[in-house]
Amino acid sequence: MTNLQLLWFLLIGVLFSGFFFLEGFDFGIGMSIRFFAKNRDERDVVIQTIGPHWDGNEVWLITAGGAMFASFPMWYASLFSGYYIVLFLILVALIFRGVSFEFRANMQTENWRNFWEWTASISSFCAAFLFGMMFTSMIQGVPLDAQGNIYGKFTTYVNWFSLVGGVAVSLLCFIHGLNFLRLKTSGGLRKRAESWSKLLYPVLLAGEVVFVILLYLTTDFFDRKPVSTWGILIALVIFTLIAWWGASASHDWASFLASGLSLISVVVLIFNGLFPRVMIGQNNVNSILIKNASSTPYTLHLMTIITFSILPIVLVYFIWSYWIFYKRLRSPKQTAS
Amino acid sequence: MLNVGLSVLGLSRFQFAMTTVFHFFFVPFSIGLAFIVAIMETVYVVKKDETYKNMAKFWGKIFLFSFAVGVVTGIIQEFQFGMNWSEYSRFMGDIFGAPLAIEALAAFFMESTFIGLWMFTWDRFNKVVHCLFIWLTAFGSTLSALWILAANSFMQNPVGYVINSQTHRVNMTSFSAVVTNRQLWNEFPHVIFGAFLTAAFVVAGSSAWRLLKKDHEHFYRKSLKVGLIVGLCACLGSVWSGDTQTRYLINSQPMKFAAMEGLYKNSTNKGNWAPIAGFDTKNHQTKWSVDIPYVLNILSYHKLSGTIKGQNQVNKELKAKYDGTTQGRKIKDYYVPTRTLFWSFRIMAVSAGLFGLLAIIGLWLNREKSNAIMRQRWFLYVMGICLWLPFIVNTAGWFVTEFGRYPWVVYGLLTIADAVSPTSTVVGLLFTNIVYFLIFASLGAVMVILSHRVLKAGPDSVLTDGYSSKPEKSSDVDPYEMGAAHND
């Protein structure tokens, strides 16, 4: 494995981390529209919090996918063709989610507004759930042939661990969304988000315990890398506890950052467990390795130069746009009173 | 035309065609409309005429629908290379992934960030800065077209690569060759002019419908004017870039060119050109044709003499070149779907003429201090119907480009049949095709209904952006400010 290959493996991890940190609260906000907000005014405010940002956040996924294609075509080809139906369902969920914000605002009847709100909430949940399911089923090892094709059965994708993974990721996203709401709203909405997350954190912690047990039973992470795996899992729990504490102590920023970091911990856990592989074969047979899956040094070198000259500029205006909109929102009723 | 048996290959091809055509309804419209909105806002900044500000806001709203659908259908495009065409992805990853990643990094971030800023910050920034946001959005969308076309151009005309002797895959040797590909610089201007033309005629056509109803005359006549001016320039640009691109094909992809002109036999020095013709594609011959002398040579070489190779001749040459090689081992012959190319090309050419004519007549009727446009209702009807035409023309353009590459997915290097995912199943593909079709049909319908509703509601009612469910109350207030208050 060359340094460039290692760098790109890390960069793909960084891009997915960015995606889950940002789109994580997007998904959570999406779910909150119907599962948390109580009336139309609240829903307006909830959607408004991500209005200027959601499509920019989704670009992280597009960038991660493109970067994976460019740097590890064998990984991209194997994962994307092997997870055909799962990714298809993710795409369907993302389509409905994306258009529902735009369509909802322009509907004239209550029923249609309700329809697009439910669409946004359910598709946000499905997208988060399916991403969680995909990554947790992937790390258990999938039936790979020598060419890197996955011939999976139904249980390759849907099993106890992947279902728990799906639920855990969607719950994590939901709470991350609530924490984002605490940052961006005020009054009753913020208070309620706080009390909801206080209640949900014990559930999440229980889920994390089940997750760790199943991780131990179904993956080779603890055999191959006991120290780092335990380290990351402890970090995950600590971030969860900090976020919980933040909810009790009204530290909105601490909760938000900690819930984001726990999502990132999950990504780090997966990438750490994969290394030095990119796809794990069943019983580690035919696993695809970083050193065999990448593009040529020429392409990796080129992409490195381009990424390191463009990404800093992107980050500057990306963060600047968040800063511009960093302001708490209130529903019109509250403003009037 | 499309050989869609219930096979993995057929269904994968159908899916790619369907998703791409649907995606490409919205992409050129968004690219073009971003520029038109930017032009409107610039006129507002310079002239300080509030009508232009309202126009920018109003058409900006329609832009947002299209942008949202474009984004979500764009993710399908990126994912389906891996999902349906994994062998293609493995073969091409070294070259194809790079422009795709750069597209996301350089263009999509810019587009999505600045459109977010633009739509939520009317009156929060000074006018020039706010106007800059929409220009950056427009610039970002153009960049995205450039990068995805760089990838497509490699598939049409591979440059800057070697085939790795061990893996039998493409390795990039020169990135500068990939981005200076002549195919790219022929294709890119044509696509961009097509995008301007699409948005321009949708703006002009929608305005014409409203004028028929005598609705907001001042507002829609100005919109019509902007649409027609941009449309006329874009039409001239499309014809020019179409001409250079077509002539470029004579040498780079002679089969495509011969099929576009419906030639099976080599043309004679007389340069007979057929505006219409009938074909016997099984036996590779022209059944009948209406011939006009010299036109073919004028179109091809801009002079009266010369000859063009027919498909039969090109087929022989390609067979001699590829028979027995690894890439060509399964190919029977190299004929492309002649009828599709011939008629698609004619749809483009005739439409270009029609667009140009309409723009000139429209600008004359719509001249200031004259009310002619309101009396010539036939013209408004024609304009209103023609707003659908650009979408057909764009599709025709891609039909020529992509069907004309048959049987290759990467010209001369990889066949379509060898590119498909070995793991795909007919059942899975049937399911996804049906679901995609239903989604696209309903999204398309909602898009049309919503746009129509916005147009009907008129410029006064839509001076709101953002996602408030109560647009009527916000009128001129910044929608973001409206719901916002500091929590002190």
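Heads up, the Cβ atoms here are built off N, Cα and C, so glycines get one too.
Taken from TrEMBL, the feature region 'Disordered' applies to B:465-488.
The transmembrane segment annotation in TrEMBL covers B:20-46 (among others).
Residues or ranges marked as transmembrane segment in TrEMBL: B:58-76 (among others). Counting same-chain residues at least six beyond the ends of the transmembrane segment (B:58-76), those with a Cβ under 8 angstroms from any Cβ of the stretch are 19, 22-23, 26-27, 29-30, 33-34, 36-37, 40, 111-112, 115, 118-119, 134, 203, 219, 223, 436, 440, 443, 447, 450-451, 454-455, 459, 462-463, 465.
Here TrEMBL flags B:96-120 (among others) as transmembrane segment.
Distant neighbours of the transmembrane segment (B:132-150): 27, 30-31, 34-35, 37-38, 41-42, 56, 60, 99-100, 102-103, 106-111, 114-115, 117-118, 121, 125, 178-179, 181, 184, 187-188, 191-192, 195; these residues of the same chain sit at least 6 beyond its ends, with a Cβ under 8 Å from one of its Cβ atoms. The annotation transmembrane segment is assigned in TrEMBL to B:132-150 (among others).
Under the heading transmembrane segment, TrEMBL lists B:191-212 (among others).
Residues annotated as transmembrane segment in TrEMBL: B:224-242 (among others).
Taken from TrEMBL, the feature transmembrane segment covers B:343-366 (among others).
TrEMBL lists B:378-400 (among others) with the feature transmembrane segment.
Positions annotated as transmembrane segment by TrEMBL: B:430-450 (among others).
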Original post:
Can you name the far-off residues of the same chain, 6+ from the ends of the transmembrane segment (B:224-242), with a Cβ under 8 Å from a Cβ of it?
Top reply: 32, 35-36, 39-40, 55, 186, 189-190, 193-194, 196-197, 199-205, 207-208, 211, 348-349, 352, 355-356, 358-360, 362-363, 366, 373, 383
Original post:
Among the recorded stretches B:20-46, B:96-120, B:343-366, B:378-400, which has the greatest number of Cβ pairs closer than 8 Å to the transmembrane segment (B:191-212)?
Top reply: B:378-400
Original post:
In terms of Cβ proximity under 8 Å, which residues at least six beyond the ends of the transmembrane segment (B:20-46) contact it?
Top reply: 52-53, 55-56, 59-60, 62-63, 66-67, 69-70, 73-74, 76-77, 127-128, 130-131, 134-135, 137-138, 141-142, 145, 191-192, 194-200, 202-203, 226-227, 230, 234, 390-391, 394-395, 398, 440, 444
